[in-house]
């Protein structure tokens, strides 16, 4: 009997050591020494996307929605930060772990994971197209007399960067990339609103609804809601970012995380509101879905802004890809019993980037891109509502 007990204890210890080794290898849990300012620029990079440049285009249906979205998403994000360690001795390091606590082991997984994957993979595809288009605009602006190059080649150039960066193991290892991306987002947003203000209010500016029919007005309104919701897509990676911050009973991770979130939301406000309000004020309904296209001049400044967009979406791509890498590698290591190794990581991440590059290359028509962005925006709006449902469910359980 004693031998059986000893054998059981040894097996338990071996299983614990195996789980610890896996957690030390997986992207989300391998490093927990992040500072509060890491969460600040991770959140800025995740939230402020190139979609900020389309906000003036969305302002026709209403300014109030943008402000309400800022307040609502900040509130739901605060709830998620608070719930990261609401169960003593346990951290919800991943979004689906919180969903499993709220809805049950299986149902929570089925509810959260598909939605999270749709948003994160969809955003990665959109950013790959955006990065390629911004590179193309930079090339065409700097070298207007040069031979035109297909967008596919610029998407391939953008994707080649991710074939390298995707092999960085965890969130903390991409903190430098994320910081650069956060700075770039503030930079090109400043260029957008400052150049708009310098150009002044146009003589023939109009602020009425663009569409002449009721169905057209409704469609534009819903499209604008999608643009605004897409601008606040950072909730999908909040828990994963917080998982990188050290935590003790005396100093839980929610303190530094919330500090980082507040700084991030101040930066978000500095990016979003001036671009949206000034851009729409100056150009009205004539503003295009990318305000840099409306501005056109000075060429050197527009070229610089497009390169800033490229650098920013490089960082954003990595922020949204990391939880996907974690999901895939978790299944391979924990469910299929693959050995954690650099070779496995190399294969997984290359296999992820390559098909997305192919999909992005086939999304070159403006109509397809708009449909994808609108669908993602509406899906992000549903995710915000889903946050309320999940948070309410957890509060009831408590």
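Even glycines carry a Cβ here, placed using N, Cα and C.
Not measured: the values here are computed from a predicted model.
In TrEMBL, the transmembrane segment annotation falls on 36-55 of the listed ranges 16-35, 36-55. Check TrEMBL against the ranges 107-130, 203-226 and you find transmembrane segment recorded for 107-130.
From the options 133-150, 151-168, the stretch TrEMBL describes as transmembrane segment is 151-168. Remark: the transmembrane segment (261-280) makes no contact with the transmembrane segment (107-130), by the rule of 3 or more CB pairs under 8 A.
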